[in-house]
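All remarks here apply to the structure that follows.
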Amino acid sequence: MSKIVLEAKDVYKHFTDGKSTVEVIKGLSLKIAAGEFVSIVGASGSGKSTLLHILGGLDQPTQGQVFLNEQRFDNLGEAERGFKRNQYLGFVYQFHHLLPEFSALENVAMPLMLRADTNYKEVKQQAEHLLDRVGLSHRLTHKPGELSGGERQRVALARALVARPAVMLADEPTGNLDRKTAFGIFELLSDLKQEFNMAMLIVTHDEQLAQSADSILHMQDGLWVDHS
């Protein structure tokens, strides 16, 4: 049986606005094994992005537990959670969040360049390899403003992979792309998941795109729902 690399146990998330409390996540549990590709599908406001932020250590649950690589993750201090994120997780968002003043190569290399033990030559080679893998070997020196939307998202994918994460978390990674480009990105994600033997969790509102995953979870009003 494959190792469980990401797990949520009975997770709740409440937000308080003045005297009122809004329940966004209502007791969700989830297990993702190494090499598994899971899609979470739900409409806007269903709580799927909030759950992804909790699983990625960007937010903390009101109640419940999160485990990363079989170790408790949600109760760590902010600095230690940040260290674990950089060590085990890769993130891709609907908006690419590339730094506009840096080239594609520099953007991809950035996560490793920030580490104390950086070997600059090796980092550059690794970034070049990943850009080649996502079909952008001819765009190494181009800045984000010189790339198409699909190309920018491919750079973001390469950047998320450069640290060889155990888990890739993607929040509506094709939300800003046309249909053909979106399917191409999902196909690439599936291929990269196999190549790097990493777990992948993607949230999307698009049922058709989600079919690429090994399993699909449907979310509504902060709960899993049966969609059979």
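Just so you know, glycine gets a Cβ as well, placed from its N, Cα and C.
Under the heading ATP binding site, Swiss-Prot lists Gly42, Ala43, Ser44, Gly45, Ser46, Gly47, Lys48, Ser49, citing sequence analysis as support. If you look up Swiss-Prot, you'll see 6-225 marked as domain 'ABC transporter'.
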| Among the binding-site residues Ser44, Ser49, which residue has the largest number of other Cβ atoms within 10 Å of its own Cβ? | Ser49
| remark: DSSP says Ala43 (ATP binding site), in three-state terms, is coil
| request: Would you mind checking how many other C-beta atoms are within 10 angstroms of the C-beta on Gly45 (ATP binding site)? | output: 12
| field | CB within-chain contacts under 8 A for Ser46 (ATP binding site), separation at least 6 | value | Met219, Gln220, Asp221, Gly222
| remark: The predicted model's mean pLDDT over the domain 'ABC transporter' (6-225) is 87
| task | Taking the Cβ of Gly42 (ATP binding site) as the reference point, list residues of the same chain whose Cβ is under 8 angstroms away and which are at least six residues distant in sequence. | result | Lys48, Val203, His205, His218, Met219, Gln220
| said: Below 8 Å Cβ to Cβ and six or more residues apart, same chain only. Which residues does that give for Gly47 (ATP binding site)? | reply: Lys13, Val24, Ile25, Met219, Asp221, Gly222
| said: Validating a neighbour-count step here. Other CB atoms within 10 A of the CB of Lys48 (ATP binding site): how many? | reply: 27
| request: Would you list, in sequence order, the residues of this chain other than Gly42, Ala43, Ser44, Gly45, Ser46, Gly47, Lys48, Ser49 that have their CB within 8 A of the centroid of the site's CB atoms, where the site is the one recorded for ATP? | output: Val203, His205, Met219, Gln220
